[in-house]
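Shown below is the structure under consideration.
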Amino acid sequence: MTVIDNHGVLAKDGELSEASARDYFELLKPRVMSLVVFTAFAGLVLAPGHIHPVLGTIAILCIAVGAGASGALNMWYDADIDAIMSRTANRPIPAGRIAPSEALAFGLVLSGFSVVILGLAVNWLSAGILAFTIFFYAVVYTMWLKRSTPQNIVIGGAAGAFPPMIGWACVTNSVTIESTVLFLIIFLWTPAHFWALALFKMRDYEAVGVPMLPNVAGERVTKHQIVAYAVLTAVCAVLPSFLGFASLGYGLVAAALGAIFIYCSIAVWRMPDGDLKMIPAKKLFGFSIFYLFAVFSALMIDRLAPVLVSHAGGWF
């Protein structure tokens, strides 16, 4: 296998690259990994019960490594299209800094390591969900869904939604309705988030033949779908209050954040077809990231606030 960009042959299998530690770190998709770590940590915090801090730290590290491993496998498989798309052309493999075979080996080793250590140190249910998540993202999404259906993000979004469920399972050794709701918040959030990106990166996706919804169904259909998923996400995000594992205060915060999320999605819906600047889509993409962090932060604050207040009361 050979990686080629506009300047010719950049890296070949069988040749040792001169990659730096930073290049290998970039293979892990650190921005995506940070969101995975954050939501997994939220699952740990929100779960009833207790986990030893050392085991909790090991769990988070294993989840982070597993997420990074799936990112490396994704970059290995997608090197051909990454070399063409402007936002991915400088990734380590298409840029020639890491050979594809090295990236594959790196991803496989980290995958096995993260799953085995999580199983041995914490429990095998959480390790099993982590293994399934890696497989789903690297194989089901990357190798099949991404290039075959405009619903790639809808179905494939499950991979990014599992981390809080894994964190929850690390503490409880179970999958519950509460952890399923945490899963659903991210699962329903994903289409609006990524289709906003797909709108202002339509040409990139068209150039590499990835059937993102805007390229297949058009801007108008995509905008309707974005609004629909924003509404579903906002509704799902207030469910913890109704199900009793978050307070009314959290519910009000989630409702306010959801209203802004829906407002931003409606701004995208109102955007004229063919708009070259795509400013509403870019704003929605940016806010959607803040929204998810804010919702899970609010959940954790809601969970920890009574504990912190009770401890503070003991100091006076």
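Every residue, even glycine, has its Cβ placed from backbone N, Cα and C.
In case it's useful when we look at the structure, here is the feature table from Swiss-Prot:
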TRANSMEM  32-52  transmembrane segment
TRANSMEM  53-73  transmembrane segment
TRANSMEM  93-113  transmembrane segment
TRANSMEM  116-136  transmembrane segment
TRANSMEM  152-172  transmembrane segment
TRANSMEM  180-200  transmembrane segment
TRANSMEM  221-241  transmembrane segment
TRANSMEM  252-271  transmembrane segment
TRANSMEM  289-309  transmembrane segment
May I ask for the residues of the chain that lie six or more residues beyond the transmembrane segment (116-136) and have a Cβ under 8 Å from a Cβ within it?
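Contacts with the transmembrane segment (116-136): 51, 55, 58-59, 62-63, 66-67, 69-70, 73, 156, 158-159, 162-163, 165-167, 169-170, 173-175.
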For the transmembrane segment (289-309), what are the same-chain contacts with Cβ under 8 Å, counting residues 6+ beyond its ends?
35, 38-39, 42, 45-46, 164, 185-186, 189, 193, 237, 240, 246-247, 249-250, 253-254, 257, 260-261
Cβ pairs under 8 Å only, please: of the recorded stretches 32-52, 53-73, 93-113, 252-271, which one is richest in them relative to the transmembrane segment (152-172)?
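Out of the listed stretches, 32-52 contacts the transmembrane segment (152-172) most.
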Which residues of the chain, 6 or more past the ends of the transmembrane segment (252-271), have a CB below 8 A from one of its CBs?
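The answer is 192, 196, 199, 223-224, 226-227, 229-231, 233-235, 237-238, 240-241, 278-281, 283-284, 287-288, 291, 294-295, 298.
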